[in-house]
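J.: One structure is given below, represented as structure tokens, and several questions about it will come after.
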Amino acid sequence: MLRGQEERKYSIRKYSIGVVSVLAATMFVVSSHEAQASEKTPTSNAAAQKETLNQPGEQGNAITSHQMQSGKQLDDMHKENGKSGTVTEGKDTLQSSKHQSTQNSKTIRTQNDNQVKQDSERQGSKQSHQNNATNNTERQNDQVQNTHHAERNGSQSTTSQSNDVDKSQPSIPAQKVLPNHDKAAPTSTTPPSNDKTAPKSTKAQDATTDKHPNQQDTHQPAHQIIDAKQDDTVRQSEQKPQVGDLSKHIDGQNSPEKPTDKNTDNKQLIKDALQAPKTRSTTNAAADAKKVRPLKANQVQPLNKYPVVFVHGFLGLVGDNAPALYPNYWGGNKFKVIEELRKQGYNVHQASVSAFGSNYDRAVELYYYIKGGRVDYGAAHAAKYGHERYGKTYKGIMPNWEPGKKVHLVGHSMGGQTIRLMEEFLRNGNKEEIAYHKAHGGEISPLFTGGHNNMVASITTLATPHNGSQAADKFGNTEAVRKIMFALNRFMGNKYSNIDLGLTQWGFKQLPNESYIDYIKRVSKSKIWTSDDNAAYDLTLDGSAKLNNMTSMNPNITYTTYTGVSSHTGPLGYENPDLGTFFLMDTTSRIIGHDAREEWRKNDGVVPVISSLHPSNQPFINVTNDEPATRRGIWQVKPIIQGWDHVDFIGVDFLDFKRKGAELANFYTGIINDLLRVEATESKGTQLKAS
């Protein structure tokens, strides 16, 4: 009987040892399969990895449960057979099984520790790509879930086949997993990166992924066993931007906009505006795109074919004729128009004409500023109004100015009227001067003889009172204001002053040997105090109407106007100046805004909108800012610029922080663009005629 019991105990021990061996072999096969899977395919997105991090814990717990049950069974057998001499063999086998199980467990932990460390490093570099791969992530999540189910089924089938596995097979050591270089394709809502160092294999890999959306990936991430501390480490690495973060290569598009009040930001905006593509095409801007580049040392030819001459308005002083504290007329300190355009390679000039003189005198001075020579106001004109016939001498910016050699003329405020009158004299002459010359003989200026067509390519006016301004009628041309203006000219005409306000032809300049008292007495007898030959009168409604009747449209010239408005309608229907309008124009804005005619009320502080659009007796057409303004023989009226007062066009309001230098840069480069299109249109027409 004792022998039968020992045989049964031996059979039980043998059976238990077999069960333990089978379980150990099963664990070895599973761990080997997991190690191989982790070597083949690292994780590709955050969502799939999160699911992977959760599932290995469940499988690890299942393995640990099997180990605990096996150990418990073996302990029970030890207690039951502790006194038997044959237990030694069972203990040896048990220790071998435990050692192998422990070794397999260490292998699993080693593999997963390495995997967690590598995944943590990889997560940071792939964070921005993961954010851009939402669609791919959802598809891959489905694939991961299907694969996990397949793996569980495979593990169960492996258990039934584990009896054929060699028990002496050594466990495979953990191997280093190479970093994953797969990149997720950016979605349509993410701007493309300008980084030239991005991997070139991205498109090929994305194409492979998108080619078979329903095909399961056989290289799924390995199961991992991590604790809470390791999981926190992974999440922290996901939140920190890494070197490969795309957001660092998009020039701050994801960052809030920086204020542009600082000079550095404003200068950068101006630089960007100046470096925008310039076009010379009439209909297809893209075909004739042209980038603005500064003139090189050996570059003589400017970007524009015809010189651009900017003509200032009433009270304007430019260049050496401007006092020390007088602001830069063209652009102020916001954007120095002449200087910046010259840096970009354009041939531009700022004319210096009378600040207080009439449009007639200013037009004559403008001609000699371009052509060069001593100013000749005309014998008939000098005799009629009672001032000197000759004025100062100009060097000239274009001594060979003649028909066929053209200029572009851009005038601000009264400057727009001045250039219109000069072009009229060039083309049709001055009838009074021609008649006086026939009657009295002598010399006559070429400006007054007429017949000088094709010398002006375009005329552009900025906030010009083509039809006059009520501010001049009710304020500027009043006797009190005129006396103040002429008194200022009288004072600045002293022998120690180098500032010329433009009334020297009226005697407003102290002679070298003349005392100041004698100078005052002489000037007080000048006819200017009662004359209409001055700016104050020419800016009135009546003075502007006379100019409109004197001038005509040239069918060969491109005409363009720009207009601003800086007033709003009050509760009583009148126009009041907007907040931010230049403070010196508050009174004039209210004078215009309370005009009896409603259509004359809206204004830019000095000029009514209706007056700036175009001369009332000449044809016009409304154009957009995008279409090429190249029509000739008709006024092309640009859209009204909301919020721009009279001096915003030239940027001299240093108290207006809303108007930036970049805004002026865009405005004037837009004008230059139109002038280049005019030249391109003319060249195209010449080629067609030649063919």
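Keep in mind that glycine also has a Cβ here, set from the backbone N, Cα and C atoms.
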J.: Looking at the Ca(2+) binding annotation from Swiss-Prot, with ASP645, ASP648, ASP653, ASP656 already listed, which candidate in GLY580, GLY593, GLY670, GLY685 is the matching residue?
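T.: The candidate from GLY580, GLY593, GLY670, GLY685 that Swiss-Prot ties to Ca(2+) along with ASP645, ASP648, ASP653, ASP656 is GLY580.
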J.: Write down the Cα-Cα distance for HIS646 (active site, charge relay system) and SER413 (active site, nucleophile), rounded and given in Å.
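T.: The Cα atom of SER413 (active site, nucleophile) is 8 Å away from the Cα atom of HIS646 (active site, charge relay system).
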J.: So if I measure Cβ to Cβ from ASP653 (Ca(2+) binding site) and keep only same-chain residues at least 6 apart in sequence, which ones fall under 8 Å?
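T.: Within the chain, ASP653 (Ca(2+) binding site) has Cβ neighbours under 8 Å at GLY332, PHE582, ASP645, VAL647, ARG659.
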J.: If you count Cβ atoms within 10 Å of each one, which of the recorded positions ASP604, ASP645, ASP648, ASP656 comes out on top?
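T.: Of the recorded positions ASP604, ASP645, ASP648, ASP656, the most buried by Cβ count within 10 Å is ASP604.
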J.: Hey, which of the recorded positions SER413, GLY580, HIS646 is the loneliest by Cβ count within 10 Å?
T.: GLY580
J.: Cα distance, ASP656 (Ca(2+) binding site) to ASP604 (active site, charge relay system), nearest Å?
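T.: Approximately 14 Å lies between the Cα of ASP604 (active site, charge relay system) and that of ASP656 (Ca(2+) binding site).
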J.: I need the CA-to-CA distance for ASP656 (Ca(2+) binding site) versus HIS646 (active site, charge relay system), whole Å please.
T.: 12
